[in-house]
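These notes concern the structure reproduced below.
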Amino acid sequence: MRLLSPVTGSKLVLLFLFLGAVRSDALKLNLTDSKGTCLYAEWEMNFTITYEALKVNETVTITVPDKVTYNGSSCGDDKNGAKIMIQYGSTLSWAVNFTKEASQYFINNITLSYNTNDTKTFPGAVPKGILTVIIPVGSQLPLGVIFKCSSVLTFNLSPVVQHYWGIHLQAFVQNGTVSKHEQVCKEDKTATTVAPIIHTTVPSPTTTLTPTSIPVPTPTVGNYTISNGNATCLLATMGLQLNITEEKVPFIFNINPAITNFTGSCQPQTAQLRLNNSQIKYLDFIFAVKNEKRFYLKEVNVNMYLANGSAFHVSNNNLSFWDAPLGSSYMCNKEQVVSVSRTFQINTFNLKVQPFNVTKGEYSTAQDCSADEDNFLVPIAVGAALGGVLILVLLAYFIGLKRHHTGYEQF
């Protein structure tokens with residue numbers, strides 16, 4: 001499928017499918033608890049899926065009807081995220097996750113799974129089985145406001161193009177009543193009509209699954225303190241973003257400190273910080289002492305569940321990050337990447353850590369990550385300076401030699 005830009009000028013936005021205009025029925029979900037409504041959603045969506053057949057790639061558009069099941073949907077609370085889950089028979093399942101932070105909440109990931117064993121929907125498909133695409137959305141919305149968007153919102157993550165429109169959404173509803181205050185999407189503010197338009201052609205095959213056009217928010221910074229008896233022995237402050245590429249499907253997950261537990265331990269030569277929440281069974285950061293003078297991040301272990309329910313675990317005990325002298329802390333305010341394995345990396349933001357020799361529960365003087373860059377640049381600068389001096393000496397020598405030779409000829 002190739003997506004064309006909306007019609008310019010009048011900005012008309014209409015939705016045309018392969019054989020003409022088709023309208024799907026709106027999906028509606030009103031979850032309640034003891035106070036009343038706790039999650040409200042109404043929207044329409046369809047998916048255009050390219051799948052591998054015997055000799056060529058085929059394309060099918062699935063328009064989701066209103067008669068679906070919502071098993072697994074939940075309202076969430078301050079510690080647990082909200083979730084909308086949809087099942088369309090055995091052909092398709094869809095889910096979106098929400099997390100709450102202070103006075104706002106985030107639409108985290110959209111997960112779509114489709115079953116190519118359904119020969120009616122996917123005739124001639126090879127291979128057969130359940131395939132999953134995960135889109136990290138990262139949209140941020142205020143609490144106490146209903147989000148509305150009549151225009152089409154398109155997520156193009158090969159081999160699936162997803163379209164959403166006619167959206168009315170409020171997660172973490174307060175006081176049991178859907179809000180009358182609205183937040184309208186920017187697409188509606190610039191469009192003169194709200195019916196979505198897409199022109200479709202058969203797409204060229206691709207294996208790229210990286211959602212390069214989808215912004216991911218910066219993670220919230222968390223503070224983690226580990227004690228040994230009555231004394232603080234480990235301090236860590238950082239925003240954490242987990243980047244997973246499993247079977248070419250990207251998964252980006254921001255750790256929310258508000259719903260994350262942590263434990264740890266301190267030994268003379270090693271220290272451990274362990275994080276866990278409803279999705280992460282454990283995420284370990286293990287520090288070690290090097291040459292009795294410095295500390296560094298030696299090991300990272302992770303065991304967690306992806307949005308599609310599959311387990312993911314990676315360990316690496318041969319790392320060398322966040323190196324600093326004992327008695328000091330390590331700090332890096334800019335984004336830094338810890339590559340744990342080919343399929344797993346951790347992006348850190350506003351990092352500060354001290355796993356040894358903590359005094360009075362406070363950070364010691366920090367070694368900044370920019371010092372590492374300075375240490376790298378110093379030899380280059382010294383070498384360049386020496387090279388410049390050598391060039392000047394050679395120039396002076398040749399100039400002197402030329403003058404001496406000229407004087408000899410005149411004599």
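All positions are counted from 1 along the displayed chain.
Placed from the backbone N, Cα and C atoms, the Cβ positions cover glycine too.
Looking at the candidates C266, C332, Swiss-Prot gives C332 as the cysteine bonded to C369 by a disulfide. Checking the candidates N30, N276 against Swiss-Prot, the annotation N-linked glycosylation site falls on N276.
According to Swiss-Prot, of the residues N156, N243, N243 is the one noted as N-linked glycosylation site. Of the listed cysteines C75, C185, Swiss-Prot assigns the disulfide bond with C149 to C185. Look at the Cβ of each of the glycosylation sites N97, N276 and count the other Cβ atoms within 10 Å; the largest number goes with N97. When pLDDT values are averaged over the region 'Hinge' (189-229), the model yields 58. The Cβ of N318 has fewer other Cβ atoms within 10 Å than any other of the glycosylation sites N46, N109, N243, N318.
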